[in-house]
Each structure stands twice: as structure tokens, then as C-alpha cells.
């Protein structure tokens with residue numbers, strides 16, 4: 001259940017064809033047939049973007065390429081200047097659209113899957129105690145009473161059981177890009193949200209939580225759905241005001257996607273801190289997205305003895321480690337569950353980001369650097385080229 005991964009490996013590399021605008025997968029197992037993500041050039045205006053979509057619709061209709069159910073341009077997104085849209089085309093139509101000088105690139109859509117001081121004694125999960133201590137073996141979580149107050153947490157995942165007592169009425173439903181069922185039928189999203197901001201199990205116990213459902217009950221979704229969820233969260237944050245107190249967690253991923261990485265970069269540029277799971281394949285995290293997005297804070301999983309978890313991804317794109325093995329947190333239906341994975345590690349960091357925003361006023365853009373600055377060099381035998389930094393909330397600094 002940890003880091004939710006693409007069902008089959010794909011897009012291990014991206015080849016560029018047709019004037020560098022149409023990206024193709026070297027391994028097509030996870031590619032959704034006739035589904036694309038179209039990304040526009042940075043200098044395309046909103047008006048030009050609208051005109052392009054009308055033109056693309058006409059091209060699709062004129063060429064009579066609807067015989068296989070392709071419907072042409074679909075939902076569009078504008079994430080802090082990143083403009084694009086999802087589309088259902090056949091490959092020839094996609095090539096025609098890619099020839100428009102306004103188009104930066106087109107890539108196939110793919111499947112992704114579901115990644116005053118207060119002392120809380122006898123914590124229900126060892127991870128909480130570990131992040132407020134510079135040594136292993138502690139059993140209390142020590143934190144400032146601000147506890148993420150005034151910060152909004154966006155859980156981009158399978159949804160959140162907003163009625164769970166661990167959220168104390170602080171969790172709200174945001175959007176659902178998957179289905180018409182505004183519940184967490186999987187449990188992964190509730191668990192990660194609880195780790196970040198639950199009253200009992202979480203780091204930032206006073207933060208507001210918003211459910212952004214991009215994965216279904218089976219834990220699967222699409223890159224385009226993830227981008228749509230990010231787009232919604234950016235717009236929601238802007239509607240709440242530009243105070244910079246927003247964090248997002250994406251404990252999910254798939255193979256490398258330029259579109260997902262570009263969306264992640266623009267989430268951060270918009271003023272939202274972004275924590276992402278490194279992945280659970282025991283391989284270099286640079287092969288997956290959004291873990292490989294440079295602007296995101298990419299998190300590997302540690303064990304209770306400060307080891308690098310056997311399953312965790314690694315490499316230079318990892319910013320730091322956080323507790324990710326045998327983590328207990330809330331689960332739909334009022335109970336709890338113990339899970340392992342980088343999916344469990346990432347929300348610890350999202351929670352600390354919210355905590356530091358409330359306590360120190362750190363900005364979203366500087367939060368990852370501040371977290372790394374506070375982290376201890378505690379991980380033993382980290383894989384070559386991977387940081388040994390372990391999450392620490394800085395309570396005794």
C-alpha cells in the first residue's frame with residue numbers, strides 16, 4: 001500500500017519526434033490509448049490558448065477522426081502560467097496538433113497509482129517521536145503549540161475520510177477528478193492526510209485539510225488527473241489569499257513524465273510547498289514523476305533504526321529521509337492501520353512544512369531548504385549518491 005505506482009513500467013525514456021513536440025513512450029504498457037496531454041509554449045496568452053483549443057477541435061472534427069471514440073480536446077489547465085489540456089486524439093491528429101507553433105510538446109497520458117511546546121506521550125506511531133528528537137528510541141512527540149495553525153494541507157491522493165475523528169472537523173472535501181464518489185474508498189489518502197495533520201497521528205495538528213481526489217478506490221488514476229488536481233488546488237489557494245501558507249502532498253507516481261514534472265514545478269512557483277514520495281522500487285527516483293521534479297521536496301523512507309528502508313527509491317533527487325516503515329495513522333471507518341512506504345514518509349515532511357510555516361513564517365518556496373537545514377545526518381548506509389539527512393522539526397534548535 002505505500003507508494004502507489006504505475007501498473008506497468010513505461011516511459012523509461014522519452015523520445016522526441018516531429019520537431020521536438022510529440023513525446024513518445026519507449027515502453028507503452030501504461031500508456032492510455034488515444035489519450036494525450038498537450039502543453040503550450042510559455043509565451044502563449046490566455047486568448048491564444050482559447051483560440052488554439054477551438055482550432056484543435058476543428059482539426060479533429062474536420063479530419064473525421066472520431067470513429068474510435070476520440071472526442072478531441074478535453075479539460076484544460078493553467079497552473080501558474082503552465083497552460084495545457086487533455087485530449088482524446090488518434091496519433092495522426094496528435095501529430096497535426098503538434099505542428100502548431102504554439103504547442104510546446106504533447107505526451108501520451110499514462111496510468112498512475114497510489115506514495116509553547118507540547119509533548120505527546122506514548123505516541124501511536126514511532127515516526128512522530130523520531131522527527132522531534134535527534135536520536136532513536138524516544139517515545140514522545142515534542143512540538144510547538146502553533147502546530148500548523150492557519151496552514152492549508154492539500155492531499156492529492158485517493159480522497160480523505162473527512163468524518164474521521166482524527167481530523168476533528170478540520171478536513172473538507174475539495175475536488176474529485178476521478179468519479180462521483182466523494183469518499184476515500186481506498187484508505188491511502190486518509191492515512192497520508194492523518195500522518196501530515198491528524199490530531200492523534202499527525203505532525204501539524206491544527207492545519208486545515210482539503211481532499212483532492214485523483215486516484216480511485218483501486219488506487220489508480222492518470223497523469224492528466226493528477227495535473228487537474230494540482231490545477232484545482234492552485235486555484236483554490238489563490239482564492240483563499242496569497243499568504244503563502246499552503247502545502248501539498250502527492251504520495252503517488254509513475255514513470256517519468258515531463259508534463260507532471262512541469263505541473264509540479266508550477267505548483268511550487270505558485271506558492272504551495274510540494275512534498276512527493278520517492279517511490280518503493282529500490283531504484284533511482286530520477287526515473288519517476290513527480291519524484292524527479294527538481295522543485296518538489298522528494299522524500300525517501302527510513303526505518304525505526306535510522307536505516308534506509310529496503311524498498312525506498314534513492315539518488316541525487318532525494319532531498320531527505322523521513323519515517324516510512326510501519327507507520328500507524330487513521331484509516332476510513334474510524335480506525336487506524338499500519339502501513340509502510342515512501343507514501344508514509346512524504347506526509348511527515350508536508351506536516352513539518354506546515355508546522356514551520358505557522359511557527360517561523362517560512363515561505364513555500366524556501367520550506368524544503370529550511371527542512372533540509374534542520375535535518376540531522378542520521379541515516380546509516382544510505383545508497384551511494386543519496387543524502388543521509390533525516391527529518392527533524394527543530395524543536396530543540
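Even glycines carry a Cβ here, placed using N, Cα and C.
According to Swiss-Prot, the protein has these features:
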type	residues	note
SIGNAL	1-19	signal peptide
DOMAIN	35-113	domain 'Inhibitor I9'
CARBOHYD	113	N-linked glycosylation site
DOMAIN	125-397	domain 'Peptidase S8'
ACT_SITE	157	active site, charge relay system
ACT_SITE	188	active site, charge relay system
CARBOHYD	249	N-linked glycosylation site
SITE	280	site 'Important for catalytic activity'
CARBOHYD	284	N-linked glycosylation site
ACT_SITE	343	active site, charge relay system
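When the recorded positions 280, 343 are scored by other C-beta atoms within 10 Å, 343 scores highest. Residue 280 (site 'Important for catalytic activity') falls within neither a helix nor a strand when secondary structure is assigned with DSSP, and so counts as coil. For residue 284 (N-linked glycosylation site), the nearest neighbour among the listed recorded positions (113, 157, 188, 249), judged by C-alpha distance, is 113.
Once Cβ contacts within 10 Å are tallied over all protein chains shown, the glycosylation sites 113, 249, 284 are led by 249. Spatial neighbours are here defined as Cα atoms within 10 angstroms of one another, and by that definition the neighbours of residue 157 (active site, charge relay system) among the recorded positions 113, 188, 249, 280 are 113, 188, 249.
Separation of the C-alpha atoms of residue 280 (site 'Important for catalytic activity') and residue 343 (active site, charge relay system): 9 Å, rounded to the nearest whole number.
Secondary structure of the domain 'Inhibitor I9' (35-113) per DSSP (helix as H, G, I; strand as E, B; remaining residues coil): 25 helix, 32 strand, 22 coil. Neighbour count (other Cβ atoms within 10 Å of the Cβ, all protein chains): 32 for residue 157 (active site, charge relay system).
If you average pLDDT over the domain 'Inhibitor I9' (35-113) in this model, you get 87.
Checking the recorded positions (113, 188, 249) against residue 343 (active site, charge relay system) with a 10 Å Cα-Cα cut-off leaves 188, 249. All chains included, 32 other C-beta atoms sit within 10 angstroms of the C-beta of residue 188 (active site, charge relay system).
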